[in-house]
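J.: Pulled the feature table from TrEMBL, pasting it below:
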- 1-13: compositional bias 'Basic and acidic residues' (COMPBIAS)
- 26-36: compositional bias 'Basic and acidic residues' (COMPBIAS)
- 274-330: domain 'MIR' (DOMAIN)
- 337-393: domain 'MIR' (DOMAIN)
- 398-455: domain 'MIR' (DOMAIN)
- 1-49: region 'Disordered' (REGION)
- 154-174: transmembrane segment (TRANSMEM)
- 180-202: transmembrane segment (TRANSMEM)
- 223-244: transmembrane segment (TRANSMEM)
- 530-553: transmembrane segment (TRANSMEM)
- 565-588: transmembrane segment (TRANSMEM)
- 600-621: transmembrane segment (TRANSMEM)
- 633-653: transmembrane segment (TRANSMEM)
Amino acid sequence: MEDRDRFSEDTQRRSCSKPPVRNRRACRETEKDRGKTKPGLPETRKTGLQCSDHMNQPLPFWLLLCVAVFSLSTRFYNITEPPHVCWDETHFGKMGSYYINRTFFFDVHPPLGKMLIGLAGYLTGYDGTFPFVKPGDKYEDHNYWGMRGVNNNISYTLQPFSLSWWLWLILTGVNLSGSLGVKFVGLFVIILVGISTAWDLWKLLGDLNLSLVDFAKHLFARIFGLIILPLFLYTTIFAVHFAVLNRSGPGDGFFSSAFQSRLIGNNLHNATMPEYLAYGSTITVKNLRIAGGYLHSHWHLYPEGVGAHQQQVTAYLHKDYNNQWLVKKPDNHAETPELVRHGDIIRLEHRETTRNLHSHLHEAPLTKKHLQVTGYGINGTGDLNDLWQVEVCGGKKGDPVKVLRSKVRFLHRSTGCVLFSSGKTLPKWGWEQVEVTCSPYLKETPNSQWNIEDHINPNLPNISLHVLKPSFLEILLESHIVMIRGNSGLKPKDNEVNSKPWHWPINYQGLRFSGVNETEYRVYLLGNPVIWWLNLFSLGLFVVMVSVCSLALQRGAKLEGERKAHCRVILEGGGMLFLAWLLHYLPFYTMGRILYYHHYFPAVLFSSMLTGITLDTFLQNVDLLCRPPYSKYILRGGQTVLLVGILYSFYLFHPLSYGMRGPLAHDPSSSMAGLRWLDSWEF
């Protein structure tokens, strides 16, 4: 937007040499008033373009350098404390180890943040061998400060088309790809930049001094810098991610069989197996819904009151021996080798428990309009409710079932329903695995389609599976579908603390990272209450100031000089930051997934910047309330109080930043004595 203002000012200066009739008076007035004082205003306040130039002066480099040094020093001070695994280091440290060991894993967010953690660990001497089992485990001799340090820091008046203009445009695009490459919440800042860019282009389109050719240059420059470049870099992040993580690991089961075939060490990598399904084969059956899981059973029974009290059948996202099933004929007799074909009636016997895949007229545990699926019988004997008809999607009677390539459905003979993975997570009694049902709705969907993945039959010839490896675009698309579905599946568990969005702006409750008693090193995540509540006050003050400014403009008030510049800052700059805060905060009210206190942190960054603009503009215009020199005293005094107050509040609450030992807050000898201002704070 400042590019647009500079362009307009330059145009006005050039037009004074030969202005149209309607512009001559404005040019003469500008030249006449330049350097003169306005009645009733301080002598230092001048009108015209000089005031805008004064407002746009950049901050001294030494000031920016001091802020950067202060920020880095406060973040890296005492970085090695506590010397044990602290809260989410359990997950992110383990993921860093996976990158160092090139072991494939699954996470619900894009990989850039975890890649940087792994890189930091590698560069600082960490060898990727620490197990990261649970919070509190001692690091001992493992070098962990690099990975912890990078976590502490992840978190234009320019002439158009100049070198500096292009530099900032490209850096914006690079950072957009980086923000989305760490977490999907980066999408909110992309929306913000998109809105700002659209508004900027709309104003440029209305500038009649700008030709359509120049407007097209602006448009295509932004398309390149803010769309094409970020997309390329974002895609490159995943290309590196897939290239590094090329070994089988705990994330294999979340992905399709074809995806797994590219992972070294996976049983499908360069594997050979029989091409067609046959009776007597031992198989695993994978649902084609992304993250649908493997057909699975175990010795545990459905609890009383949940359908029939029979053996549980679920979908499990990981490879496991309890995923193995034996293919049998209804009479348990088969001539070897005999292929399974479209339309055949089969039994599926669970290898570990020898119970048959079974359904009946009891409702499913979660999807009440579906029927329950269980394991029934013993040693392969059961009843007619164990019979399933094989259907090859798109096939005809007699077509064989191709391993990995055929989409197969299993129709229950007695009830007519179809085997189905609902995607819903069972409670703790179901080990939080995925619900498997028998659906009365026979429409073909990925939830009701399965493929044969592992296939063992020594009586059949094997073929190579190398031809199944997917392309880069296919695995890129699949990984995003898996991440999005995994994110939406993060529901609060029983008795798990779930932070509420209304808690966040008022700093109602923090998050315990480590330690609970006096002998442990305690780390408690809580916002600085002085800054948090100052931000909350400033949000209200901003709304009042915008309302007053808008009413003044609507009533035709003539704002000149710095007053006009301040009005523009609060309406345009402040308005964009207020919109950024809303974009990064309000969507969480609509999310069904589990929420944590730290989800507010991107929003609080924009809220803090808005606080700076709001309070600075208020103090700069306090002469509306009192005359000089008192207004100047209030300006300097207010700035001093804010600076000293924020620094002192950091000193008061610094044990929360760096952790603490010793007595708890209620003890007078505690470092936090008297600072537990709300009962909901748990330090």
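Using the three backbone atoms N, Cα and C, a Cβ is placed for every residue, glycine included.
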J.: For the transmembrane segment (180-202), name the stretch out of 154-174, 223-244, 530-553, 565-588, 633-653 with the most CB-CB pairs under 8 Å.
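T.: If we count Cβ pairs closer than 8 Å to the transmembrane segment (180-202), 565-588 scores highest.
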J.: Any residues 6+ beyond the ends of the transmembrane segment (565-588) with a Cβ under 8 Å from its own?
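T.: Same-chain residues near the transmembrane segment (565-588) but 6 or more away: 1, 51-52, 55, 185, 188-189, 191-192, 195-196, 501, 504-505, 539, 542, 545-546, 549-550, 552-553, 559, 595, 599-600, 602-603, 606-607, 609-610, 613-614, 617, 620-621.
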J.: Per-residue pLDDT averaged over the domain 'MIR' (337-393) comes to what?
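T.: Per the prediction, mean pLDDT sits at 94 for the domain 'MIR' (337-393).
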J.: Give the nonlocal contacts of the transmembrane segment (600-621) in its own chain as ranges (CB under 8 Å, at least six residues past its ends).
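T.: Result: 155, 185, 188-189, 501, 504-505, 527, 531-532, 534-535, 538-539, 541-542, 545, 562-563, 566, 569-570, 573-574, 577-578, 580-581, 584-585, 588, 634-635, 638-639, 642.
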J.: The transmembrane segment (223-244): which same-chain residues, six or more beyond its ends, come within Cβ distance under 8 Å?
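T.: Those are 99, 102, 110-112, 115, 166, 169-170, 172-174, 176-178, 180-181, 190, 193-194, 197, 472, 475-476, 479, in sequence order.
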